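Enquirer: Pulled these from Swiss-Prot:
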- 281-288, 328-332, 394-397: GTP binding site (BINDING)
- 274-444: domain 'TrmE-type G' (DOMAIN)
- 1-19: transit peptide (TRANSIT)
Amino acid sequence: MNSASFLQSRLISRSFLVRRSLKRYSGLAKPYTFQQPTIYALSTPANQTSAIAIIRISGTHAKYIYNRLVDSSTVPPIRKAILRNIYSPSSCSVKPHDQKESKILLDTSLLLYFQAPYSFTGEDVLELHVHGGKAVVNSILKAIGSLHDRSSGKDIRFALPGDFSRRAFQNGKFDLTQLEGIKDLIDSETESQRRSALSSFNGDNKILFENWRETIIENMAQLTAIIDFADDNSQEIQNTDEIFHNVEKNIICLRDQIVTFMQKVEKSTILQNGIKLVLLGAPNVGKSSLVNSLTNDDISIVSDIPGTTRDSIDAMINVNGYKVIICDTAGIREKSSDKIEMLGIDRAKKKSVQSDLCLFIVDPTDLSKLLPEDILAHLSSKTFGNKRIIIVVNKSDLVSDDEMTKVLNKLQTRLGSKYPILSVSCKTKEGIESLISTLTSNFESLSQSSADASPVIVSKRVSEILKNDVLYGLEEFFKSKDFHNDIVLATENLRYASDGIAKITGQAIGIEEILDSVFSKFCIGK
């Protein structure tokens, strides 16, 4: 083993010890969390009546709970669905089959038992698939809780938010990025969010982050070899300038990769929060009708009276897998005697400034009012900026083909080819599909995603660590152009970046506060 390889192995030992502490029981009957209390909770939504509810139990006493609930001394079959009666433990003898006539039946349930370490948490896990009535669920949860008896070593408690996922992490079943992917998968509302969450859950981000960390450690090893073995006259470390050059080149390449990744994250965040789509136009051009057509619902009040919509109306819709926050706004006109309407107009302009994409709705039935000057002035203002705009000619069913041609010509003459122009009819639905297709293309461009490529979405925690720890450490490494004069400081900056990645995946030492923050955002039962 050469000096650099030796140093690399020494540098990763800290990470190795952490991983070993997490996974040392992964192949044995006893998981790392063996001595922790057995936990239980409802894994399906609470306070909702449903056909089925799933109660999850995880820990050393899962088999004991099974025996007491079904009044049996047999070992539950592993990974096999069985149908059993569930009884109140207080009505059963500790010795099974005694006093059968006094047993209180709670429900008939489908049971699944997973033996450690081959379960989600890495512990013994028992799942009760019971009927979904609130009374049924509450009675069984109460029955499980009644089995807690610390004096006899039966430490059984109700799970806290994220407890099951925390056990899975502690037993080396998943890293933090995968578990955050599970949470995002549960919370996903659209196809693009689902694809991104599934990518994290499958470990794509984990592999990427681990490769980054390995690159940093390899280059730290090169620098540390110079520090520790400079007096050994080793042939491998004599050409220090070449080593410095290679390390600098490698770290520049890595930094560029992370910056590109962060840019994709920033673009993809729009998918998580929802793309803000605002409809602008003069009064009575059909903005509300278009909102109702796109949402397939009567979100906005439709009337022939100008100024009907006086305030902004937001609605969440799913457009071809994209989460969209669509906003209907008050019609914009220069003068109005109605103070409330003027407030609505002001709010409409502010909403458009905050939007990701604007639909400028025009009415083709009156060429003289086709392009109101006040709206054009707003769209070309510095405040509005260079936002994307699509011109939508509504009410196409009210004009002839020749009249529509005149309208399109006037729009192109005044606006040029800067904005795409589409015609639709909310009455006949003509052009709506074409509009949706154009919107989808813009959404793909805004988020740098497509039907074939998953967007890159990470938690705020991961994003902040990448920025404040990883990139910060790398930038500090470059601050001194002549960094080889202080190799120790340069190496420590790389270590700072490496430790940042370890925080992301959960391999860092002393990360209890990080774990508390991550799992507190999970639901109970997960």
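Cβ from N, Cα, C; glycine included.
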Enquirer: At a 10 Å cut-off from the C-beta of N284 (GTP binding site), count the other C-beta atoms across all protein chains.
Expert: 17
Enquirer: Within the chain of I332 (GTP binding site), which residues six or more apart in sequence place their C-beta under 8 angstroms from its C-beta?
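Expert: When sequence neighbours closer than 6 are ignored, I332 (GTP binding site) has L280, G281, A282, P283, I345, A348, K349, P372, D374, I375, H378 within Cβ distance under 8 Å.
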Enquirer: So how many other Cβ atoms are close to G281 (GTP binding site), meaning within 10 Å of its Cβ?
Expert: 24
Enquirer: Check the binding-site residues T329, S396 for other C-beta atoms within 10 angstroms of each C-beta and report the one with the most.
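Expert: Going through T329, S396 one by one, the largest Cβ count within 10 Å is at T329.
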